[in-house]
Amino acid sequence: MMSSVKKTICVLLVCFTMMSVMLLGPGVTEVSAASDAKVNISADRQVIRGFGGMNHPAWIGDLTAAQRETAFGNGQNQLGFSVLRIHVDENRNNWYKEVETAKSAIKHGAIVFASPWNPPNDMVETFNHNGDTSAKRLRYDKYAAYAQHLNDFVNFMKSNGVNLYAISMQNEPDYAHEWTWWTPQEILRFMRENAGSINARVIAPESFQYLKNISDPILNDPQALRNMDILGTHLYGTQVSQFPYPLFKQKGGGKELWMTEVYYPNSDNNSADRWPEALGVSEHIHHSMVEGDFQAYVWWYIRRSYGPMKEDGMISKRGYNMAHFSKFVRPGYVRIDATKNPEPNVYVSAYKGDNKVVIVAINKNNTGVNQNFVLQNGTASQVSRWITSSSSNLQPGTDLKVTDNHFWAHLPAQSVTTFVVKR
């Protein structure tokens, strides 16, 4: 659910991002990059779980059968999403609404996780939250019952053919004007005393803005940390400088790190095809992978006028930007080191899996860039590529040959290119 405050946060953030595009101005038609983009095939970083989005039939209606194929299939004119997020309704009579799309995602090899907005009504009480006397929180004597409620959802989905990969304890506990608030200490108590009884991987705490004061207490408490499997967060208005999380690197060994909800750069009506604004989506994913070390990137509504799939079921420009990652960087692939910024406004990330190297290169400049890619600690022979620009959507380019472990490629102005290198 969107609010004007959250939308304002995102608009302010994107103003800074888009200024770089606006200020580049006209110039020569192409340049050669100042530096090589070096890809070190043996320098492993994080394992990638996947890319995807949210289905919320209770609020905006279910995906149709055809839209499920577009979302989770990986053929032509399909997004290749490998992660689905679903809603844990406070009313169990509505749980059936989540089944069909989740089963379709599973059939296509995607993983499914679930997030609750509210506990059942009989577990909730109102309190005064900064003057709001109708604010909601989980009653302190209902923590165990709430854990069982989450278990019941896990079991319901399993009995209907969906084995959840994970379940969250709460969506945005720190931005709960329209759902249930949790303080950091309340989250800590639940994670320490109750989360261990949940029969699925547990995601916490899903802060709306990656506010570390929400998750630090979990990382600093051995029992709570033991009960958390995935640290999940949202990135609404989060500056890239806040993407790294040193405490997680220090104490989160064996845990996963997911970005579980965002829309970017805004949620304006009918904005999904704006160009070059949509190029910001691939840049945002790049920073999430490279600066944030996230293992999953999950959009808000899959089908929306500002989302990866428009209301008519067609893939949007924003969706094609996501597809440059989701279709090629498959679950279990590993991000590897690459020169992340070989030229101003050029961003490069690289991944390996299935005996391939996948390189995603984003050129935000108003001019084309000729970029040299150097493959280190591995051999390759041929490169396929796909390009999205103002005039193309995942358009296949001519294959390139690798000579002495490097290849040159033209990155069109304001474009994203995915290279698949055969090893």
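Note that Cβ sites are derived from N, Cα and C of the backbone, with glycine treated the same way.
Swiss-Prot lists 1-33 with the feature signal peptide. Residues or ranges marked as active site, proton donor by Swiss-Prot on the basis of similarity to another entry: GLU172. Look at Swiss-Prot and you will find GLU261 tagged as active site, nucleophile.
Counting other Cβ atoms within 10 Å of each Cβ, the active-site residues GLU172, GLU261 show the lowest value at GLU261. Spacing of GLU172 (active site, proton donor) relative to GLU261 (active site, nucleophile) is 10 Å (Cα to Cα, whole number). In this structure, GLU172 (active site, proton donor) belongs to neither helix nor strand by DSSP; it is coil. The residue listed as 'active site, nucleophile' carries a strand DSSP state (E or B).
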